[in-house]
Amino acid sequence: MSSLLLFNDKSRALQADIVAVQSQVVYGSVGNSIAVPAIKQNGLNVFAVPTVLLSNTPHYDTFYGGAIPDEWFSGYLRALQERDALRQLRAVTTGYMGTASQIKILAEWLTALRKDHPDLLIMVDPVIGDIDSGIYVKPDLPEAYRQYLLPLAQGITPNIFELEILTGKNCRDLDSAIAAAKSLLSDTLKWVVITSASGNEENQEMQVVVVTADSVNVISHSRVKTDLKGTGDLFCAQLISGLLKGKALNDAVHRAGLRVLEVMRYTQQHESDELILPPLAEA
């Protein structure tokens, strides 16, 4: 193996702004397969760490793959430090996790990482399920999120169903959802962005609610009827990018929502079942 060693000058190492930890598909536009190109469109460097590697989402007639083994997963994280690729790291974002043990491994890595990066932004999308489908991850994942990742996160982006699971509270109206979100806030967890909150069905609107200790901001967007998958992953990619580019939280959330709508409409125009990213106009 030593005879193959070519690259040992760590001063030449590529540097990441963001490490994105979530699913990856060979075919399609979910998880890091949509998040990475979206983040790169924003001019940021991102390293993708897969939690599951799948042929495609389960919404097709064939489906292959599964969770990354713990040994591989921990090795992927460790290798980023061994390559000295995290000197300029600014954020870690997480999405779909394959197993509870991955969540524990990730939390241990993040805890160690924060010693060298005390200002690191950790944003967790606690992917658990939704109102229509119920829980679609392994049953021990919600508790793993509560125990290991939520205490480390500065911000989280649950949907209404996930907020209910994490808090044990009914969140089917706006006031109860806000109260549940506020119950999660702590010295570390500064904000909760509730995605897919109740909106005005008659006016074809959906709401995203930004909850902090000091404020609540309800952002309404047009509702697009579609079965497209990966919109939540795209939203989080745009949100973390906006925050790192200096946007205030409410502005970053608003812009992320607008970008998701733009991508959905563009995809529909091109008659695709998988998200297609149009060029990003500078704002």
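Just so it is clear, glycine is given a Cβ too, placed from its N, Cα and C backbone atoms.
Among SER23, SER196, SER215, SER272, only SER23 appears in Swiss-Prot as part of the substrate site alongside HIS59, ASP233. Residues THR157, GLU162, THR195, HIS221, SER222, ARG223, VAL224, THR231 are recorded by Swiss-Prot as ATP binders, and the candidate that the same record lists for that site, out of ASP116, ASP119, ASP125, ASP132, is ASP125. Reduced to three states, the DSSP call for THR231 (ATP binding site) is helix.
Fewest other C-beta atoms within 10 angstroms, among the binding-site residues HIS59, ARG223, are seen around HIS59.
Residues SER23, HIS59, ASP233 are the ones the record ties to substrate, and the longest Cα gap between any two of them is 17 Å. Maximum intra-site Cα distance, ATP binding residues ASP125, THR157, GLU162, THR195, HIS221, SER222, ARG223, VAL224, THR231: 22 Å. When the Cα atoms are compared, HIS59 (substrate binding site) and TYR136 (Mg(2+) binding site) turn out to be 13 Å apart. Taking the centre of the Cβ atoms of SER23, HIS59, ASP233 as the substrate site, the nearby residues of that chain (Cβ within 8 Å, site residues left out) are VAL25, GLY28, VAL30, GLY31, SER33, THR57, TYR96, LYS229, GLY230.
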